[in-house]
Amino acid sequence: MALAVAPWGRQWEEARALGRAVRMLQRLEEQCVDPRLSVSPPSLRDLLPRTAQLLREVAHSRRAAGGGGPGGPGGSGDFLLIYLANLEAKSRQVAALLPPRGRRSANDELFRAGSRLRRQLAKLAIIFSHMHAELHALFPGGKYCGHMYQLTKAPAHTFWRESCGARCVLPWAEFESLLGTCHPVEPGCTALALRTTIDLTCSGHVSIFEFDVFTRLFQPWPTLLKNWQLLAVNHPGYMAFLTYDEVQERLQACRDKPGSYIFRPSCTRLGQWAIGYVSSDGSILQTIPANKPLSQVLLEGQKDGFYLYPDGKTHNPDLTELGQAEPQQRIHVSEEQLQLYWAMDSTFELCKICAESNKDVKIEPCGHLLCSCCLAAWQHSDSQTCPFCRCEIKGWEAVSIYQFHGQATAEDSGNSSDQEGRELELGQVPLSAPPLPPRPDLPPRKPRNAQPKVRLLKGNSPPAALGPQDPAPA
């Protein structure tokens, strides 16, 4: 009997904790009446009600499912227990900085550039932003999906699922040990710095969402910790937990030194970098580079004269060793799949949305291919999901598809290439060609004498100035 009661007791405690968290956020919101607290993102006045509403949705879904969702270690119940305890701790820290309820004006010290109180509040606002993004990613609409969460980078996803199984969160010490099996971590200060970088919510745990953000920031996977060490630990231009406004303030001292720059993880586009730099006319601009490793962006920016002096310092670290070209990536299309394309009077290379241009973009994490014009038009319509599978678009990579003559085709050799996988991100993932949407009006097919091959391109794009909202690059 006691065994049957225990789960219900935990569900009851969880429901109470969710209710307490919502009420706590409401009280905190009442302390955020000063309009200066919502000048630029991340804004506590915006984040608090959104987080409270998401927690209500989580509570409703949990009640409807009888506390459901995958349980067990590192499952939904463990995540909420850790999350709510961390939320309470961070809320108390914010409450101590804000004026009491009923008082409309906050301490001017909170808004003075460079003050200790402002730095503390800005960091806590960023942590709250991370916590809202994490909860939204693992409980979209209040329903748990952590056991099905897809990491953006295929090798990172493979590592997590093989090492952590269906868990969505685990203690730092255990995660550090698991990561060390493929990316050894030096104990001491290096391990502490790594924990500070990965643990976006400062909870002492690592969630699958936080690891996803980390692996997107410090891609590619084979040199993950080397990239992190050179870009975050050793680079004078790296700034953690900094907002748009704070970047503007920090670079004010460098306005007479064009080419000065600093970079930070974007507050509002998690998994992407934001780079602030001083232009040739002394203006301070900020940009979010489009879906390529930061080392490559900084090398290109240095070559073009944009990123020369990290944080105004004369020495610019040499990142050449991180900018080596990655091996070409191939997609082997099986004979059966090719037959499907030919039956539609199409080819693998042709974009299946417009049926006019060749595919030149790979969507992440789902891996579907289409042409850049169709992707731009699709995202311009405010759609942030893949047009084929409706998976969230977290990024994309430019690709070039061309005929590969290095081996006989499946048709010529008489051997099916069904067993050949697709090599992406220097790791193996299952064979998967994009789905074939119904298109009766496709143009005539091209000769079928070769298999396509996909290769990542490394193109340049000049920095584009941003506003404080950190919009995605065009």
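Glycine residues also receive a Cβ, built from the backbone N, Cα and C atoms like all the rest.
Tyr341 is the residue among Tyr149, Tyr238, Tyr341 that Swiss-Prot labels phosphotyrosine. Cβ neighbours of Asp199 (Ca(2+) binding site) (same chain, under 8 Å, six or more residues apart in sequence): Trp172, His205, Val206, Glu210.
The average pLDDT computed over the region '4H' (7-145) stands at 88.
Under DSSP, Arg264 (4-O-phospho-L-tyrosine binding site) is assigned to a strand (E or B) in the three-state scheme. Counting only same-chain residues at least 6 apart in sequence, those with a Cβ under 8 Å from the Cβ of Thr201 (Ca(2+) binding site) are Tyr83, Asn86, Ile127, His130, Met131, Glu134, Ser207, Glu210. Same-chain residues that are not part of Asp199, Thr201, Glu210 yet have a Cβ within 8 Å of the Cβ center of the Ca(2+) site turn out to be His130, Glu134, Ile198, Leu200, Cys202, Ser203, His205, Val206, Ser207.
With respect to their backbone Cα atoms, Arg264 (4-O-phospho-L-tyrosine binding site) and Tyr341 (phosphotyrosine) stand 44 Å from each other.
Around Tyr341 (phosphotyrosine), taking its Cβ as the centre, 21 other Cβ atoms fall within 10 Å, counting all chains.
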